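K.L.:
As annotated in TrEMBL:
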type    : residues                       : note
BINDING : 12, 13, 14, 15, 16, 17, 18, 19 : GTP binding site
DOMAIN  : 8-169                          : domain 'CobW/HypB/UreG nucleotide-binding'
Ligand SMILES: Nc1nc2c(ncn2[C@@H]2O[C@H](COP(=O)(O)OP(=O)(O)O)[C@@H](O)[C@H]2O)c(=O)[nH]1
Ligand SMILES: [Mg+2]
């Protein structure tokens, strides 16, 4: 299915830092002249969309909160109709868009996106979930185009061995990229921005 604007999914468990990642990278992309819009997914509220609007770095009209009202992965994989409609609205309102982010509702390690909805997706995990997370080999972790292991700052406080994560995660990812981030300080975000330019925006512009 051909898409007129690049679409990047942001998936991962509840609280791993998906919205925080958007809050960190969207202003950086805007500074580089990229035209951005965002769709967020929550079960019964538009909490994340409202939070991004309060952030003030993106015009409120460029942010749509989808209320999925069901299992979050249904709305990004089995039946992405609601998200596709939100994407279509944004594309019609802003024909100049370069990229639309679609943040999934917080889900589990099995959560993946339909490629009818997105071109690529990032799976966000945080070290607070434990240093055994890479070994659990969830499909989201294994298949995502980029894995972001976030909250590296809290590793010492939750007894997670970051060196072990850095050692084991690449073995299971088999060469696919991983970024280690701290959304509070910006550490590691250059790798995420690089991925977006090289893999998402470049690939999209070279095929469209
Ligand atoms: N210490 C620390 N906290 C973070 C980081 N990223 C996100 N958080 C916090 O983790 C909580 C959940 O983040 P949020 O972006 O809402 O997660 P989401 O549910 O995946 O969208 C919030 O209180 C954030 O401030 C990080 O890199 N370090
Ligand atoms: Mg969120």
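Here the Cβ of each residue, glycine as well, is placed from N, Cα and C on the backbone.
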K.L.:
So which of 16, 18, 19, listed as binding-site residues, have a Cβ under 6 Å from an atom of ligand 2?
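P.N.:
Within range of ligand 2: 18, 19.
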K.L.:
Looking only at DSSP and grouping its letters into three states, which state does residue 19 (GTP binding site) belong to?
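P.N.:
Assignment for residue 19 (GTP binding site) reads helix.
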K.L.:
With respect to ligand 1, which members of the binding-site residues 13, 17, 19 satisfy a Cβ distance under 6 angstroms to one of its atoms?
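P.N.:
Passing the 6 Å Cβ check against ligand 1: 17, 19.
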K.L.:
For the binding-site residues listed here (12, 13, 15, 17), which one has the lowest count of neighbouring CB atoms within 10 Å of its own CB?
P.N.:
15
K.L.:
Neighbour count, 10 Å Cβ-Cβ cut-off, for residue 18 (GTP binding site): what number do you get?
P.N.:
29
K.L.:
Which whole number is the mean pLDDT over the domain 'CobW/HypB/UreG nucleotide-binding' (8-169)?
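P.N.:
Mean per-residue confidence for the domain 'CobW/HypB/UreG nucleotide-binding' (8-169): 95 out of 100.
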K.L.:
Determine the minimum-neighbour residue: among 16, 19, listed as binding-site residues, which Cβ has the fewest other Cβ atoms within 10 angstroms?
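P.N.:
With the binding-site residues 16, 19, fewest surrounding Cβ atoms within 10 Å: 19.
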K.L.:
How many other Cβ atoms sit within 10 Å of the Cβ of residue 14 (GTP binding site)?
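P.N.:
If we count other Cβ atoms within 10 Å of residue 14 (GTP binding site), we arrive at 10.
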K.L.:
Suppose the GTP site is 12, 13, 14, 15, 16, 17, 18, 19. Which further residues of the same chain have a Cβ inside 8 angstroms of that site's Cβ centroid?
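P.N.:
Along the chain, the qualifying residues are 20, 106, 124, 126, 150.
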